[in-house]
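Record features (Swiss-Prot):
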- 8-33, 267-277, TYR419: FAD binding site (BINDING)
- THR15, GLN19, ARG22, SER39, ASN42, LYS71, HIS299, LYS427: substrate binding site (BINDING)
- CYS43: active site, nucleophile (ACT_SITE)
- CYS43: active site, redox-active (ACT_SITE)
- 151-166: NADP(+) binding site (BINDING)
Amino acid sequence: MPKIVVVGAVAGGATCASQIRRLDKESDIIIFEKDRDMSFANCALPYVIGEVVEDRKYALAYTPEKFYDRKQITVKTYHEVIAINDERQTVSVLNRKTNEQFEESYDKLILSPGASANSLGFESDITFTLRNLEDTDAIEQFIKANQVDKVLVVGAGYVSLEVLENLYKRGLHPTLIHRSDKINKLMDADMNQPILDELDKREIPYRLNEEIVAINGNEITFKSGRVEHYDMIIEGVGTHPNSKFIESSNIKLDRKGFIPVNDKLETNVPNIYAIGDIATSHYRHVDLPASVPLAWGAHRAASIVAEQIAGNDTIEFKGFLGNNIVKFFDYTFASVGVKPNELKQFDYKMVEVTQGAHANYYPGNSPLHLRVYYDTSNRQILRAAAVGKEGVDKRIDVLSMAMMNQLTVDELTEFEVAYAPPYSHPKDLINMIGYKAK
């Protein structure tokens, strides 16, 4: 009976194991997870802190016991894979509770160890990062135990923005700092102004081009020379792949520690796959490498690997489109396609339109700004971005499908919109992009 070992039990690993079991009732499947919890919703964590998700239990899909009862898959939490011997097809495992080490053999190995939050490196009792439910619980307990009021949020990516909004809605007083003036980097820089407007509207302090120099108790010294006091600091300064344990194997890593995979999600070593935040692949619509550490890619890759292991080698990963979205107070920001700094590799043109998200005469209308970049050589869409209070997700998802099917910008005129006054226009913003590009 084949033995399948999975490293990591969150989005990619647990989903892949579950899909394998759906297709294969016989194989022995075991998952090693270095942390306390499995199958939790990373994306829910800021909303747990903000009490939008009323109970943290809703962010936890399975316990190991429930997973085994439902699927006959063994999950061992607090078990960290610390080395891979790909020649012998074994992994070395550390039981983090007992410090016992042992080896586990495998016929197929699936790597989904995810990523860890970067830290600023200060030794302080008031600094926290947010990456898993343990972090969430620690933040929650600290807030309650210390009657936290003033919170410093460091970083301006989507996690930091979500955390800040949820702290504010919880009734706390957050301040945002970021080391540069480039915020929410997945968006076009000039489309991010509503982020600052939303902060200003609520009188939430923020400083760009600012960094922490020292932390002494609750006293924070900044690069600008300011000295301020905070009850708590939450750091959102990026992540790094959990690939240290892979370095001793023959598995190829890129210079950032990610694992390049082929379209079957295979590494360069036979019988070893990589999925989720650890893996890097390519775009679907253009010939460029891509790393997109978001939930969709982990779930899609999990299903493909399950099919591959079950014997269906016709299903392959066709690449990322990089579709992403974030809510910040009243606004939604979304983009799809190559990143802004990758556009320079193309001869491109940009076309944009700003108009109401639905019919102007219908109540509650607000502007939606939609922008599309296209390749001048074949007129295919390279990237799209949108910002507004409503209708952003619909337009970006439609453009994602257009890019998936390699439509030209001109073909957007043919998009047949589901029109009624509360939802759109007879000629939607997407249609208008096509007309303006002609």
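Cβ from N, Cα, C; glycine included.
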Between ARG22 (substrate binding site) and ASP28 (FAD binding site), the C-alpha gap once rounded to whole angstrom:
13
Secondary-structure category, per DSSP, in which GLY276 (FAD binding site) falls
helix
Can you tell which of ASP28, GLU165 has the least company, meaning the fewest other C-beta atoms within 10 angstroms of its C-beta, among these binding-site residues?
ASP28
Of the recorded positions SER18, CYS43, VAL153, GLY157, VAL163, which one has its Cα closest to the Cα of HIS299 (substrate binding site)?
SER18
HIS299 (substrate binding site), Cβ-centred 10 Å count of other Cβ atoms over all protein chains shown, is 17
Going by DSSP, give the three-state secondary structure for VAL159 (NADP(+) binding site).
helix
For VAL153 (NADP(+) binding site), the three-state DSSP class is strand
Cβ neighbour count (within 10 Å, all chains shown) around SER18 (FAD binding site):
20
By Cα geometry, the one of the binding-site residues (GLN19, VAL163, GLY276) nearest CYS43 (active site, nucleophile) is VAL163
Could you say whether, by DSSP, LYS427 (substrate binding site) belongs to a helix, a strand or a coil region?
coil
Per residue, counting other C-beta atoms within 10 angstroms of the C-beta, which of the binding-site residues GLY8, GLY155 reaches the highest number?
GLY8
Long-range neighbours only, meaning 6 or more apart in sequence with Cβ under 8 Å: which ones does VAL153 (NADP(+) binding site) have?
SER160, VAL163, LEU164, LEU167, PRO174, THR175, LEU176, ILE177, ILE233, ILE234, GLY236
When you rank SER18, GLN19, ASN42, LYS427 by Cα distance to LEU161 (NADP(+) binding site), which of the binding-site residues ends up on top as the closest?
ASN42
Fewest neighbouring Cβ atoms within 10 Å: which of the binding-site residues GLY13, GLY157, GLY276?
GLY157
